[in-house]
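> Before we start, here is the structure in question, set down as structure tokens.
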Amino acid sequence: MQPLALSGGDPSGIGPEIAARAWLARHQSDLPGFVLLSDPDFLRSRFAKLSLDVSLHVCRHPSEALSAFNGALPVLPLENKLVDEPGVPSGANAAGTIEAIDRAVTLTCTGQTSAVVTCPIAKKPLYDAGFRFPGHTEYLAHLASGNGEAPLPVMMLAGPQLRTVPVTIHIALSAVPAALNGPLILQTAHIVAHDLKGRFGLASPRLAVAGLNPHAGEQGSMGREDIEIIAPVIAQLKAEGIDAFGPLPADTMFHASARKRYDVALCMYHDQALIPAKTLGFDDCVNVTLGLPFIRTSPDHGTAFDIAAKGIARPDSLIAALKMADEMARNSKTTT
Ligand SMILES: NC(=O)C1=CN([C@@H]2O[C@H](COP(=O)(O)OP(=O)(O)OC[C@H]3O[C@@H](n4cnc5c(N)ncnc54)[C@H](O)[C@@H]3O)[C@@H](O)[C@H]2O)C=CC1
Ligand SMILES: NCC(=O)COP(=O)(O)O
């Protein structure tokens, strides 16, 4: 097995701290080995601010990571240097932040690491520096495309109590109705059903599909997308033998007994999916990208600039993301 590739995320956020705290918890959490893509001088500066006693093993090659992991945090140095300004996102760090993602993907696509795990990035500072993708999810699909067509990346929030998928992702709420269409929902459902089988080992995943409107449209009196766009896709999925049902009113599909009926909830927009997932499991929920030719997970939370370098960031969601990536890599090995 190869190590996981962990990109450091926005250096001004809590990425470096949660990476260090995850490594410090490696024994009690039974953590798979990983290599952190970052700038060693920057990490030493941040760890000193946090009074974290973490030795680094600066790797020339990711193959050194697993043997070093027990004694030191393995770091693969970036070409770009990073500045240590906790809580203040800096355009000077944009190139290094993106380099870490790029290299994690390249290492994974060339078999030198087993999966990509990403610490959080803030979108706005990257946009200001010229980054033209809404987030990791869309950027990773671009990287996966080579020179061909980009795959459809599917965001899934996965926790012990609930998995949710937003069909539309990083777009304004006002743009959602126009962006929703049958082929997009169908393609998303196909990817979800395929990857829950191949990467999560579910033989016949059950998909609950949310409506868009209140009460799933109340038979068309509160909006017609549920009847005209979503219901025909569910009929098509059923005809293909996929265990899908809905459209369900979103306000009543996430309580405990409703959740027993499905393995994943297909939601129509970002907050419909992410609010229940993060509310039920902020510390153990994982953001997974489905539909890519490689595995990618991330903690469910963001950069948390408000607590950067304060010593109170919890590594739990990153630990869950590292463990899930490792499990997915092992599942994929047994099914390919
Ligand atoms: N995977 C990614 O790259 C993600 C990036 N983001 C980005 O993060 C930035 C900030 O987003 P927010 O909405 O403020 O969400 P956030 O998750 O960064 O913070 C929300 C609240 O939760 C707290 N929090 C978050 N993670 C924590 C942890 N591990 N331990 C203790 N407390 C924690 C924060 O201090 C804050 O009070 C945005 O620019 C957004 O784009 C947001 C979500 C995921
Ligand atoms: N709200 C989820 C989020 O922003 C994470 O997005 P991504 O960077 O993983 O695409």
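In case you wondered, yes, glycine gets a Cβ from its N, Cα and C as well.
Dumping what TrEMBL says about this protein:
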type    : residues                               : note
BINDING : HIS136, THR137, LYS278, ASN287, ARG296 : substrate binding site
BINDING : HIS170, HIS215, HIS270                 : divalent metal cation binding site
> Which of these binding-site residues (THR137, HIS215, ASN287, ARG296) have a C-beta closer than 6 Å to some atom of ligand 2?
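The qualifying binding-site residues are THR137, ASN287.
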> Determine, to the nearest whole angstrom, how far the Cα atom of ARG296 (substrate binding site) is from the Cα atom of HIS215 (divalent metal cation binding site).
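The separation of the Cα atoms works out to 34 Å.
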> If I restrict to non-local contacts, at least six residues apart, and a C-beta distance under 8 angstroms, what lies near THR137 (substrate binding site) in its own chain?
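Those within reach of THR137 (substrate binding site), by Cβ under 8 Å and sequence separation of 6 or more, are PRO153, MET155, ILE169, HIS170, THR289.
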> Tell me the coarse DSSP state (helix, strand, coil) of HIS170 (divalent metal cation binding site).
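Looking at the DSSP assignment, HIS170 (divalent metal cation binding site) belongs to neither helix nor strand, so coil.
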> Who sits close to LYS278 (substrate binding site): which same-chain residues at least 6 apart have their Cβ under 8 Å from its Cβ?
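For LYS278 (substrate binding site), the qualifying residues are LEU157, CYS285, ASP300, HIS301.
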> Within 10 Å of the Cβ of HIS136 (substrate binding site), how many other Cβ atoms can you find? Include all protein chains, please.
23
> At a 10 A cut-off on CB-CB distances, which of the binding-site residues HIS170, ARG296 has the highest count?
ARG296
> Roughly how many angstrom lie between the C-alpha atoms of ASN287 (substrate binding site) and HIS215 (divalent metal cation binding site)?
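Pair distance, Cα basis, whole Å: 27 Å.
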> Here the binding-site residues are HIS270, ASN287; which one has the lowest number of other Cβ atoms no more than 10 Å from its Cβ?
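So among HIS270, ASN287, the binding-site residues given, the one with the fewest Cβ atoms within 10 Å is HIS270.
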> For LYS278 (substrate binding site), name the DSSP secondary structure in the helix/strand/coil scheme.
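DSSP call for LYS278 (substrate binding site): helix.
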> For HIS136 (substrate binding site) and HIS270 (divalent metal cation binding site), what Cα-Cα distance in Å is obtained after rounding to a whole number?
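Here the two Cα atoms are 15 Å apart.
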> Taking the Cβ of HIS215 (divalent metal cation binding site) as the centre, count every other Cβ atom within 10 Å, in any protein chain shown.
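HIS215 (divalent metal cation binding site) is surrounded by 16 other Cβ atoms within 10 Å.
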> Find the longest CA to CA distance in the recorded substrate-binding set HIS136, THR137, LYS278, ASN287, ARG296; express it in Å as a whole number.
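In whole numbers, the farthest two Cα atoms are 19 Å apart.
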